[in-house]
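K.L.:
Sending over a structure as structure tokens; questions will come in a sec.
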There are 2 protein chains.
Amino acid sequence: MMDTETRDLLPEGLEDRLPQDTAAATRITRAIMDVLDSHGYDRVQPPGVEFERSLASRMAGIETRRMVRFIDPSSLRMMALRSDITPQVGRIAVTRLKDAPRPLRLAYAGQVTAIKGDGLDPTRERLQIGAELIGHAGTAAAGEVVAVAIEALQAAGATGISVDFTMPGLVDALAAGPWPLTPAQLDAVRRELDAKDAGALVTEGGAAYLPLIHATGPLDAAIARLEALALGEVLDERIAALRQIAARLPAGVRLTLDPTERHGFEYQSWFGFQIFADGVRGAVARGGSYSILGEPAEPAVGFSLYPDPLITALAAHEAPRDLLFLPLGHDTGAAARLRAVGWRTVAALGDACDAATLGCTHRLEGDEVVAL
Amino acid sequence: MMDTETRDLLPEGLEDRLPQDTAAATRITRAIMDVLDSHGYDRVQPPGVEFERSLASRMAGIETRRMVRFIDPSSLRMMALRSDITPQVGRIAVTRLKDAPRPLRLAYAGQVTAIKGDGLDPTRERLQIGAELIGHAGTAAAGEVVAVAIEALQAAGATGISVDFTMPGLVDALAAGPWPLTPAQLDAVRRELDAKDAGALVTEGGAAYLPLIHATGPLDAAIARLEALALGEVLDERIAALRQIAARLPAGVRLTLDPTERHGFEYQSWFGFQIFADGVRGAVARGGSYSILGEPAEPAVGFSLYPDPLITALAAHEAPRDLLFLPLGHDTGAAARLRAVGWRTVAALGDACDAATLGCTHRLEGDEVVAL
């Protein structure tokens, strides 16, 4: 006889979602997907499992090391569980939808899995929802993507939204222009900027880059500091783009800039962002511009939401729903009509079924709904 | 440089769902889940990956041989991708929801995965949606479950629905009563009844069971043939239950009976059913009564839908949706108001964006919608 504890144990980082949380997850997923759909993003659904190679081939910097991998018994090739849906959507865009008109707007929602948790967070499976705008990666496309991400989060119930912009290609552009660096120096400077280590930055020959560390914070002030550097076109274009993107975002959204931050996204091109919300630790969404690899590469801009922490935060505040008890021998036609106008019913299966025990708020008597 | 064909190849039995099919899948999944929810079934969401042992421990006859399995690097125990969500829901019911009032109604929707396709069908990943009624497995519970399954399929758009009832425990009951068999004979008789091989049935000592092979077909006629056998209580109770279940199903649903069929579900107790629909090869839903293993075991009745073939059948007939083109410099407030009342929009990102090329049916001019 098996010990119950062991028999039913879930592996570390994997959890059941119970009714209250699942109701919130369903509502939030639908709200987000409805916003993406309303802006013309067509949902696609790649498989949860693919050849390991395909999962990494269409975007730079995708690591398969953290994927669950296994040998496909039919092809004897290595397969893997997806850890990110974005590269799958890129693959679909440049293969089966290569002849679809551009810009191509695609959306997705699904579970992604990692073989191990990440640092302090043991979570190995999580929901990823996102949108990709393929064929354009300019300012208008970036502005649409950030605005749609914010609208989707607000529709889901997120409050206190703030957006942190980044300029992923800036350091490379400066190193190739006004603030030259050797390739070895460039690597070191990027690393110390990621670490925001001013002392090490100077030691590594990146003293010129020090002002970038300080041009961080609320968007307008940070842009003012950058403009004071008078670096010319390389920076002016980026600033103008950020201003255009910021201009189309709703009032009340707090905007900040961190010009050298990369958030580990080495594949981003000129633009990146993270979105934060009240009650959620860490970024609830991340996005930016990138290339779908191929000949030729195709520009794209998109975002991914990881709604699990938002779901947990909002589930506690979901309004309880009415529940209508249908006694034995109830009028089934009346019950069907009530369900059709939104009532949720629970039918008695025998004399032992009791409205109060089952958590019902109302009871059907004849064709009348009576509050309990 | 990688060959594109190889680079993007999907493994056999795994597919991308493209926009038209995914729109149908989303609509159908929501319609089904809304019906389950309206009847009081609370959705839960178990993880896609668990310990292999947990996936098999709460239901008899679950084989892990066809699951994708791998070693968990943190516990060094064997994990597996779920190939069936029902045992996971059973696990949740008897562990984290063990104190929830009975009957407990739970629903689920998610992808399930097998390491290999099944016979002629190479599919390795498919959508499973279902409902489980836990704590009761009597006639009222079975009737509710079949009725809800039919309503869910009809809400999804299925037509020409027929239900084939089975009597999973009948042969065992007869062998223990009026038509005795040795344990060895019982196994052989079950096997030949599954194969519907009358000759072999006689050879194996099961001549008495021959009439069961012929009591197959339209429900009323099949029941009449069974009643003519005058087998007493063991059969009368089952027939009375089937009649009660049939009585609460909607008119126009074709009902048949196959008293000895097991459909490979060795864990079913007294009642089983399969549902078929126009344009879908094979059963679109399967269900029945069973036990959730434990001390004590808990009775349950439920069903699983496998909507993928239904989605494919219905996707071809989904009505095309209107799409509203938003030209450069459009009135964003007007666009937002139109989306709020159900319009789907596509915004121009530059002069090259063209309403016709993007498949738009309408165009926003000022705050007016103009058909193209």
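Residue numbers in this text run from 1 along the chain shown.
Glycine residues also receive a Cβ, built from the backbone N, Cα and C atoms like all the rest.
TrEMBL feature annotations, pasted as is:
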- A:1-20: region 'Disordered' (REGION)
- A:1-19: compositional bias 'Basic and acidic residues' (COMPBIAS)
- A:13-310: domain 'Class II Histidinyl-tRNA synthetase (HisRS)-like catalytic core' (DOMAIN)
- A:Asp84, A:Ile85, A:Thr86, A:Gln128, A:Glu132: L-histidine binding site (BINDING)
K.L.:
Please give me the CB contact count at 10 A for A:Gln128 (L-histidine binding site), counting all chains in the structure.
P.N.:
19
K.L.:
Non-local Cβ contacts of A:Thr86 (L-histidine binding site) (under 8 Å, 6 or more apart, same chain)?
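P.N.:
Within the chain, A:Thr86 (L-histidine binding site) has Cβ neighbours under 8 Å at A:Met59, A:Gly130, A:Glu132, A:Gly302, A:Ser304.
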K.L.:
Any same-chain residues 6+ apart from A:Ile85 (L-histidine binding site) with CB under 8 Å of its CB? Would you list them in sequence order, or say none?
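P.N.:
A:Pro46, A:Tyr108, A:Gly110, A:Val112, A:Gln128, A:Gly130, A:Ser304 - these are the non-local Cβ neighbours of A:Ile85 (L-histidine binding site), listed in sequence order.
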K.L.:
Cβ within 8 angstroms of the Cβ centroid of A:Asp84, A:Ile85, A:Thr86, A:Gln128, A:Glu132: which residues besides those meet this for the L-histidine site?
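P.N.:
Output for this site, in sequence order: A:Pro87, A:Gln88, A:Val89, A:Tyr108, A:Val112, A:Gly130, A:Gly302, A:Ser304.
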K.L.:
Long-range same-chain neighbours of A:Asp84 (L-histidine binding site), Cβ under 8 Å, sequence gap at least 6?
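P.N.:
Listed in sequence order, they are A:Leu55, A:Ile62, A:Val112, A:Gln128, A:Ser304.
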K.L.:
Largest pairwise Cα distance, Å, within the listed L-histidine binders A:Asp84, A:Ile85, A:Thr86, A:Gln128, A:Glu132?
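P.N.:
The widest Cα-Cα gap among those binding residues is 13 Å.
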